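Here's the structure, in structure tokens; my notes come after.
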Amino acid sequence: MTVATVPGRRVRVPRRYVPVLVTAALFLAMFAAGGIRYEGFATGQIILNVFIDNAFLLVVAVGMTFVILAGGIDLSVGSVVALSTMVAATLLKQGWSPWPVMVLVLLIGAVLGLGMGAIIHYFEIQPFIVTLAGMFLARGLCYTIGTRSIPIDDPVFTAFAQTRIDLGADMWISPGVVVAAAVVVVAAYTLHYTRLGRNVYATGGNEQSALLMGLPVARTKIAVYTISGFCSALGGLVLSFYMLSGYGLHAVGMELDAIGAVVIGGTLLTGGSGYLFGTVLGVLVLGLIQTIISFEGTLNSWWTRILIGLLLFVFILMQRLITARRR
Amino acid sequence: MTAPAPAPASVPASVSPGRRLLGHRLFWPAVILVALLMINPVFTDGFFKVELKDGHLYGSLIDIVRFGAPLILVALGMTLVIATRGIDLSVGSVVAISGALACLRISDLGDQNSAGGVLAAAGVALALSVALGAWNGLLVAGVGVQPIIATLILMVAGRGLAQLITDGQIITVNSAPYKLIGGGYWLTLPFGIVIVLAVLALTAFLTRRLALGLLIESVGGNAEASRLAGIGARGVILTVYTFCALCAGIAGLMISSNVSSADGNNAGLWIELDAILAVVIGGTPLSGGRFSLGGTVLGALIIQTLTTTIYSIGVPPETTLLFKALVVTVVCLVQSPAFRAKVFHRRRRPAGASPVAEEKVRVSA
């Protein structure tokens, strides 16, 4: 494992890139270590598999990045993912055609996010508790729809699940990865090249200053939760492509994975600083941990949780060091 | 429902007793609890009957307190943490770890019924809980990490640790002394209730008769100001997180003893959310600086009664979460000064301050 070092005084790397670079180094080190230790590990397909298995997490983590950059937190994402798979599976079973189902699911996610954002902003309640209520609500709706796993056999969804997009050289990806990649590109453009993105950073940096500068803080805060809700719903669709089922117990604890990916990706939890690329790296690191543990064979799956906790600790400590130096 | 009065800490003596009752901060939680309890007799005969059988108290009311005991314990610890403007997400994991370690030690005993061995096992489990709490406290007070994030680490890793202790299995024990903690009786009362009463009395004494409560409230009100006033804010924060984990540890013993087994995955799952909910319903604001132990106990009882009621009126138990979501939303909205100002005192605000407030009401259920 790497040590969370901050470079010495004369190093040219700007400090704001340090967390992302550390994560990138960690990822490369893990990949190299895996390649040396296990046969057949150091191939491109291993990385692509990480993307295939974690496409939904990547989509959700992108939404979470917006919220955390704006200085908030969204605990409802896992439940909204489960709700999306449940709604999709139920409606498809009742004979709806797939495209309206997808639109409706995305709409439900966005509206849930919009509602939570509005309550957080206008009634000044902590995001933590509002999204906690949203988490209960979405999970409760899942169980109200049904407690069993509902299989999906719609041809469009199955096609999404089984299509292999060939990249040549024996490498392939699933359509879910394409969706995730598109989300990442659009989100990166929005965050770094549009007015909304600037507002997100400004609101997260200092809400009071942003307000005094005349930035639309209300619209921005509500927008980030709407985006997160939308991304969760989209993540839910990608998960239902992957699992081909709707289940109220899908994605339990996923909010923690998403927050973990964002933190490991170097985004400051206090908001206002971080990059979307870091989140992609964070998801890759989490996925690679799982891959290595499955390659190791003798380690049990609960080591994943312990390792993720350990990584979170190291990165949070590093964040503290960096912010402490900045003052 | 009208807005509760903004919880005055001290109502002037000249106010009429009726108004004083209405203004008391425990009034609304108590009303909700009584209202929930009153629904039950319609569906369950003899709901309020408490009887003495074989020297043990039996009855639905006793059951509510007995099954609610672990939640009350966890919520008590959480109250103190929230009073310092913190939060502890790791209690569920600590519950799992403590139960797992105790069961592991007991299952390794030659004679599972030896009281000494069980006491030692419980002691080791509680010691580990205290250590975990101190870890949380160090991260928050020493390193200065936000409480949500600091305790998130243990919440994530803790489940893994619990699985590691139990080796991924469900450990079952067959030990009479251990069974006593969660399922036994002592002086006609279920032993769990006795433990809760003892912890409650101890906490109330420490925080309301000694200066500790005042210190906690001052740290929660303004950590920096209280530090400048000469209060060891770090020590106070460390203490409350340790205490919270200790409470969670005891609750873990209770839960695993009640079912005579330890399940690293499911023991104490979601209990952190229920505990936070209980604290919030009890009138302790999440912004810290003020707390009510009685309110927390009432809040935990409300949650347990809600669960029992849902079972007894025959609504599918899966909808419990929906009700909880509704309760959290309503309670938080009613507690929020911004909400009260916008909805109940609209005319006093200058026109056009924020014209969109009311259209943005939650689209729940």
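Each Cβ is built from the backbone N, Cα and C atoms, and glycine gets one as well.
TrEMBL annotations: computationally assigned, not manually curated.
If you look up TrEMBL, you'll see B:26-44 (among others) marked as transmembrane segment. Remote same-chain partners of the transmembrane segment (B:26-44), defined as residues 6 or more beyond its termini with a Cβ less than 8 Å from a stretch Cβ, comprise 4, 60-61, 281-283, 292, 294-295, 298-299, 301-302, 305-306, 308-309, 312-314.
What TrEMBL records for B:64-82 (among others) is transmembrane segment. If one looks beyond the transmembrane segment (B:64-82) by at least 6 residues along the same chain, the residues whose Cβ comes under 8 Å of a Cβ in the stretch are 88, 91, 95, 147, 190, 192-193, 195-196, 199-200, 203, 207, 216, 220, 240-241, 243-248, 250-252, 254-255, 268, 271-272, 274-276, 278-279, 282, 284, 286, 288, 291-293, 296-297, 299-301, 303-305, 308.
Within the same chain, residues 70, 74, 77-78, 117-118, 120-122, 124-126, 128-129, 132-133, 136, 148, 151-155, 157-159, 161-162, 165-166, 171-173, 175, 178, 244-245, 247-253, 255-257, 261-265, 267-272, 275 sit at least 6 positions outside the transmembrane segment (B:89-107) and bring their C-beta atoms closer than 8 Å to a C-beta of that stretch. According to TrEMBL, the feature transmembrane segment maps to B:89-107 (among others).
Per TrEMBL, the feature transmembrane segment maps to B:119-141 (among others).
As annotated by TrEMBL, transmembrane segment applies to B:148-165 (among others). Same-chain residues lying 6 or more positions outside the transmembrane segment (B:148-165) and placing a CB less than 8 Å from one of its CB atoms are 87-90, 92-94, 96-97, 99-101, 104, 132, 135-136, 139-140, 262, 264-265, 267, 272.
Same-chain residues lying 6+ beyond the ends of the transmembrane segment (B:185-206) with a Cβ under 8 Å from its Cβ atoms: 52, 55-57, 62, 65-66, 69-70, 72-73, 76, 80, 212-213, 243, 247, 250, 254, 258, 293, 297. Marked as transmembrane segment by TrEMBL: B:185-206 (among others).
Among the features that TrEMBL reports, transmembrane segment is placed at B:236-255 (among others). Away from its own ends, the transmembrane segment (B:236-255) comes close to residues 69-71, 73-74, 76-78, 80-81, 83-84, 86, 88, 90-92, 94-99, 102, 122, 125-126, 128-130, 132-134, 136-138, 140-142, 181-182, 192, 195, 199, 203, 212, 215-216, 219, 223, 267-268, 271 of its chain (Cβ-Cβ under 8 Å, at least six residues beyond either end).
Beyond the ends of the transmembrane segment (B:267-286), by six or more residues, the same chain brings 7, 25-26, 28-29, 32, 70-72, 74-75, 77-79, 82-83, 87-96, 99-100, 155, 162, 248, 251-252, 255-256, 292, 294-300, 302-303, 324, 327-328, 331-332, 335 to within a C-beta distance below 8 angstroms of the stretch. Residues annotated as transmembrane segment in TrEMBL: B:267-286 (among others).
With a threshold of 8 Å between CB atoms, the same-chain residues lying at least 6 positions outside the transmembrane segment (B:293-315) that come near it are 25-26, 29-30, 32-33, 36-37, 39-40, 42-44, 47, 60, 63-65, 67-68, 71-72, 75-76, 78-79, 200, 203-204, 207-208, 274-275, 277-284, 323-324, 327. According to TrEMBL, the feature transmembrane segment maps to B:293-315 (among others).
The transmembrane segment annotation in TrEMBL covers B:321-339 (among others).
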